[in-house]
Amino acid sequence: MSQLNPKVGFVSLGCPKALVDSERILTQLRVEGYDIVPSYDAADVVVVNTCGFIDSAVTESLDAIGEAMNANGKVIVTGCLGKRPEQIREAYPQVLAVSGPQDYQSVMEAVHAALPPRHDPFVDLVPDYGIKLTPRHYAYLKISEGCNHRCSFCIIPSMRGDLVSRPVDEVLREAERLVRGGVKELLVVSQDTSAYGVDLKYAERPWRDRMYQTRMKALCEGLSELGVWTRLHYVYPYPHVDDVIGLMAEGRLLPYLDIPFQHASPRILKLMKRPGAVEKTLERVQRWKAMCPEITVRSTFIVGFPGETDAEFESLLDFLDQAQLDRVGAFAYSPVDGASANALPDQVPEEVKHERLARFMAKQAQISALRLESKIGSVQQCLVDVIEDDIAVARSRADAPEIDGLVHIQNGGELGLKVGDLVDVEITDSDEHDLFGDALPSGPAVQQPGRTLNLQIV
């Protein structure tokens, strides 16, 4: 063991919720005096935070464990795949410990057993917002754990349990700390953001001399007081989602909804155990756009679900034409160990699934390209993520990190833009994924009808 601080390597896999779990473990490790190192060779022990949602994620997680075992030999496994300890130990019987998601205590106990901590705490070395794995200018804000739904294709409840919401004041205080630490964008995540607070009966809690309900709209009202971008992810399509559109129209919340519709056939949605009123869904999308013309709607879909007919797949393509969604992700259905959909009849052949997925994505690519083309000539507020060869790579209010498009600011180097800058960009070109443009220079605001334009270095 090192004569100085004990050293821990860390591998984080999976979704943004798992990333937050990793950040919490890393924060506790630093508080207790452990150094976090970037290589297996430098580590005294390695923690692997796994994903187990779909078969490809299981394979990736097992491969990561194997790589850590081969390179280091002392490995602690946690995360969603940890809910299947027998699968891990069958492949790698010499792992030191296995625990499930958000079981921070078990992870720390395993680290202590393998690598005793120093006795003096290092709290002063850890910022009050904790250790973050994202760039400094944005952060994921997890508001709850688990899910009360039982979608037939999903095993998340068996891994992460039923919904457990964090009290609203606790979430708002964490958001405050993040903003004090330089965060310009808060990405609200959970398994079901729109169910936030139902398990707490929407209990009221005080924050900044005001009472707030533990409810999605009230949380958004509180977050809007912090003066940074706030983006909602994983919103289940409940009717009360309509309540936050007004906040978007007022500029208090980013006009962006990540809302997984999954399919457009009422019969398939019923088999998925998802809401099935497609006509109402289309009406609501149109109503959101009427209330907030700038709104961006992102969604995800599954093609080739068991029993999906040619006609039902065509109805899904028709839905894309009618809904005109801005951003869409999709994947071909694959059985997930433990999911009830595995037992459904009429499984779709693999070649049909992949042919449908290709057609689906081609259809949406056409829609996305036209929607992005319509932004040429407009001015978009953007947040700079990276500087590459005198070009600033940024995201507009319509783009979440990792999953959406980018804005390539051609004169970013000329203007001396930096990562984390907020800047107004005049859009000059587009393709099916990204926008291209020039930042408007700082100095006196440039007036255009309906708005003031100005470079903001914040």
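Backbone N, Cα and C define each Cβ position, glycine as well.
Features reported for this protein in Swiss-Prot:
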- CYS15, CYS51, CYS80: [4Fe-4S] cluster 1 binding site (BINDING)
- CYS147, CYS151, CYS154: [4Fe-4S] cluster 2 binding site (BINDING)
- 6-116: domain 'MTTase N-terminal' (DOMAIN)
- 133-371: domain 'Radical SAM core' (DOMAIN)
- 373-441: domain 'TRAM' (DOMAIN)
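Where Swiss-Prot records a feature, it is marked here on the structure.
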{"residue": "CYS15", "record": "[4Fe-4S] cluster 1 binding site", "Cβ neighbours (10 Å)": "18"}
{"residue": "CYS51", "record": "[4Fe-4S] cluster 1 binding site", "Cβ neighbours (10 Å)": "21"}
{"residue": "CYS80", "record": "[4Fe-4S] cluster 1 binding site", "Cβ neighbours (10 Å)": "28"}
{"residue": "CYS147", "record": "[4Fe-4S] cluster 2 binding site", "Cβ neighbours (10 Å)": "22"}
{"residue": "CYS151", "record": "[4Fe-4S] cluster 2 binding site", "Cβ neighbours (10 Å)": "20"}
{"residue": "CYS154", "record": "[4Fe-4S] cluster 2 binding site", "Cβ neighbours (10 Å)": "22"}
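Other than CYS15, CYS51, CYS80, the residues of this chain whose Cβ falls within 8 Å of the Cβ centroid of the [4Fe-4S] cluster 1 site are, in sequence order, LEU13, GLY14, LYS17, ALA18, THR50, GLY52, PHE53, ALA57, GLY79, LEU81, PRO101, MET159. Look at CYS80 ([4Fe-4S] cluster 1 binding site): DSSP puts it in a helix.
Helix, strand and coil content of the domain 'MTTase N-terminal' (6-116), in residues and according to DSSP, is 55 helix, 22 strand, 34 coil. Ranked by Cα separation from CYS51 ([4Fe-4S] cluster 1 binding site), the binding-site residues CYS147, CYS151, CYS154 are led by CYS154. In the predicted structure, the domain 'MTTase N-terminal' (6-116) carries a mean pLDDT of 93.
Per-class residue totals from DSSP over the domain 'TRAM' (373-441), listed helix then strand then coil: 1 helix, 33 strand, 35 coil. The two recorded residues, CYS151 ([4Fe-4S] cluster 2 binding site) and CYS15 ([4Fe-4S] cluster 1 binding site), show a Cα separation of 18 Å. Taking CA atoms as the reference points, CYS154 ([4Fe-4S] cluster 2 binding site) and CYS15 ([4Fe-4S] cluster 1 binding site) are 14 Å apart. Put simply, CYS147 ([4Fe-4S] cluster 2 binding site) is 14 Å from CYS80 ([4Fe-4S] cluster 1 binding site) when counted between their Cα atoms.
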